[in-house]
Amino acid sequence: MSQSTATYINVIGAGLAGSEAAYQIAKRGIPVKLYEMRGVKATPQHKTTNFAELVCSNSFRGDSLTNAVGLLKEEMRRLDSIIMRNGEANRVPAGGAMAVDREGYAESVTAELENHPLIDVIRDEITEIPDDAITVIATGPLTSDALAEKIHAVNGGDGFYFYDAAAPIIDKSTIDMSKVYLKSRYDKGEAAYLNCPMTKEEFMAFHEALTTAEEAPLNSFEKEKYFEGCMPIEVMAKRGIKTMLYGPMKPVGLEYPDDYTGPRDGEFKTPYAVVQLRQDNAAGSLYNIVGFQTHLKWGEQKRVFQMIPGLENAEFVRYGVMHRNSYMDSPNLLTETFQSRNNPNLFFAGQMTGVEGYVESAASGLVAGINAARLFKREEALVFPQTTAIGSLPHYVTHADSKHFQPMNVNFGIIKELEGPRIRDKKERYEAIASRALADLDTCLASL
């Protein structure tokens, strides 16, 4: 297939990946037609028509360079990521993590793209894969049925899927502050989480209620298949009595404050279990229940989650929901630039490629956008070094074992190992990997 001679590039979908791709293309002087169906047709999970809307958590996760996603964010900042820049401008307190005011952040991304002179925003549903120009498809895990059928045809079948869930959000003014305390785990960064401590007796009663609560019916006949990073809390609870104690209800590093007077197990300094609440908006009026993605019926959510100390009278401004997320057989279908092996004028980006997480989705859009622009200009494809986070992630999703392919968060395990003797101290090893990654990225960019 010959390269398109169109004078613009299509980007379909204005989520995190599509927004990033559109910006990266436009900043390279190429006109963009950015299609977004929200405003014409709603999705089950989106609440607004803003671009790059966050439908699950409001956290971009760890911000330290000793954390792989922290490294990825720093690499993206050096590549002038619109998602990172607007995220920074709308940060809310989150200890050692990066969390954002979800509405302010999405509104600022939307305004920047809508006001860009080279970006033509078209509010319309696309049901066919365009063949008039180079195209980036970033319609996400909530792709409309009509377009999904065409993408599945490109895939040669129905592809894969998993179920994703979002956590409830509560009104802070309805929390009983006498039963909770402000603290970040291990006192890392500023104290940014409200902690709801549980005694063993409270936890056991909560676990029983959670595992016997009624779930909402699925809209699909297909077998449930969850991504481990966004598993419903009730599914986690059913895996074992202590599973949650090693996950979102882990108490380590969250000792009682000296002035705590609530119930506790004997003289223990640490609760048996802790439920954490994280600020969800800049005003600090909304908090989400960390790690409590759920698919329980709404009435059951209210009944069970009001068993959490401090939330007995909590008002839920949004209940948790679950939805199907689709992703492609990327190892067989895509190159490391997220370009289709079957159609070189076609790129894919976002969670549909098998990257998992807000930051990872935006990163895939950044890579796809840069390379769509380079293809337009008839320049050589840009493959980032495997020593970097932004290079290792696309390499992983396009080289994994197709038979066992699952969505992947960025992590140090997929980044090329350091040369020389192994550094035994994990923190020092991660610091060395990050230092090498940023140096290699700078070298890569300087050579362009």
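One is the number of the first residue shown, and numbering goes on along the chain from there.
Keep in mind that glycine also has a Cβ here, set from the backbone N, Cα and C atoms.
The FAD binding site annotation in Swiss-Prot covers G13, A14, G15, L16, A17, G18. Around the Cβ of L16 (FAD binding site), the same chain contributes A52, I83, G350, Y358, S361, A362, G365, each under 8 angstroms and 6 or more positions distant in sequence.
The Cβ centroid of G13, A14, G15, L16, A17, G18 marks the FAD site; residues of that chain outside this set whose Cβ lies within 8 Å of it are V11, S19, E20, A21, F51, A52, A138, T139, G140, A349, G350, S361, G365, given in sequence order. For A17 (FAD binding site), the same-chain residues that are 6 or more apart in sequence and have a Cβ closer than 8 Å to its Cβ are A138, G140, A349, G350, Q351, S361, A362, S364, G365, A368.
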